[in-house]
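As recorded in TrEMBL, the features of this protein are as follows:
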- 12-147: domain 'EamA' (DOMAIN)
- 161-290: domain 'EamA' (DOMAIN)
- 12-30: transmembrane segment (TRANSMEM)
- 42-62: transmembrane segment (TRANSMEM)
- 74-92: transmembrane segment (TRANSMEM)
- 104-124: transmembrane segment (TRANSMEM)
- 136-155: transmembrane segment (TRANSMEM)
- 161-179: transmembrane segment (TRANSMEM)
- 191-211: transmembrane segment (TRANSMEM)
- 217-239: transmembrane segment (TRANSMEM)
- 251-270: transmembrane segment (TRANSMEM)
- 276-294: transmembrane segment (TRANSMEM)
Amino acid sequence: MQEIDAKNPRRAMAFGLATVLCWSTVATAFKLTLRELDPPQLLLYAAVFSTASLLALLAVQGRWRLFVTALTQHPWRSLGLGTINPLVYYLVLFEAYDRLPAQVAQPVNYTWAITLSLLAAVFLKQRLRGKDMAAAAVAYAGVVLLSMQGEWGSWGRVDGLGLALALLSTLIWSGYWIAAASDRRDPVAALAANFCMSLPGCLIACLVLSSPLDVSWQGVAGAAYIGCLEMGLTFALWVTALRLAPSAAQVSTLIFLSPPISLVLIHFLLGETIHASTFAGLALVLAGLGLQQFGRKSTS
């Protein structure tokens, strides 16, 4: 594993770009698969495929013992974090995508970084800077514009509950990262352990809210894609990119490429008409994220 840990800017950029390209397809994949599966079904099957992909990766890399250690020495941590992600987080996120146009759900989900800074100030006692507050104001102004969906000056036709769930998902995701901040286990092995412990809960949720057997092969195929490229292997790609990069900032800025690429796919593959308010809202969300990141660099 020495080669993976050695700094290599070119390989870091390659892994980072691969991750961003995968993330760019997520919104489209969610919407297409949700035509075949309901949110509880998608949660169950995606979690199964994600767990399998992570375990396969660890086995191929010869790091199976890290998974066993992560699971057996920290079962309750794995259960707690697995309950948050994937069980609660993705159930809420899939329901939001089921109710909202992809062009709204995806940019709103990107505001989790803003939410994280706000929650960190409360729970981790981190200093909340003026730039953090300004970034939040700009990003959430973007959310308001996204909700208009081409009807300027009104809330448009957006599903109110769907928008609330999308915002709630950012709270859950931020809470997950705060809870995982003290986790010293190998990141990929820990995620695999968390997902393993979440599977019974995902099955129960599907049994109570839906049916795990009433599915199409197209839905299962979509869940496999989402499980591997959104919930599983992409995480490993991103971790590798961060390890190879001389500094996290060199690859973290790549995430700004994902929303614009995603909009292109949403338009051409889903057939959504991209409203002017979507472009304006996305610009504000990205500006808020950029302001937050620029503020960190300037004070570091």
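Each residue, glycine too, has its Cβ placed from N, Cα and C.
Automatic prediction, not curation, is the source of TrEMBL annotations.
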Examine the transmembrane segment (42-62) against the transmembrane segment (191-211) and state whether at least 3 Cβ pairs sit under 8 A, considering only residue pairs 6 or more apart. yes
State, in range form, which of 74-92, 104-124, 161-179, 191-211, 251-270 has the highest count of Cβ pairs under 8 Å to the transmembrane segment (12-30). 251-270
Determine which recorded stretch among 161-179, 191-211, 276-294 has the most C-beta pairs below 8 angstroms with the transmembrane segment (104-124). 161-179
Where else in the chain does the transmembrane segment (161-179) make close Cβ contacts, counting only residues six or more beyond its ends and a cut-off under 8 Å? 80-81, 84-85, 88-89, 92-93, 95-96, 98-100, 104-105, 108-109, 111-112, 114-116, 118-120, 123-124, 143, 147
Maximum Cβ pairs under 8 Å to the transmembrane segment (191-211) among 74-92, 217-239, 251-270 is reached by 74-92
Suppose you look only at the domain 'EamA' (161-290); what would the mean pLDDT be? 93
Summed over the domain 'EamA' (161-290), the DSSP helix, strand and coil counts are 104 helix, 0 strand, 26 coil
When you scan the chain for residues with a C-beta under 8 Å from the transmembrane segment (276-294), skipping those not six or more beyond its ends, what do you find? 103-104, 107-108, 110-111, 113-114, 117, 131-132, 134-152, 156, 249, 252-253, 256, 259-260, 263
Could you give the number of helix, strand and coil residues in the domain 'EamA' (12-147) as assigned by DSSP? 116 helix, 0 strand, 20 coil
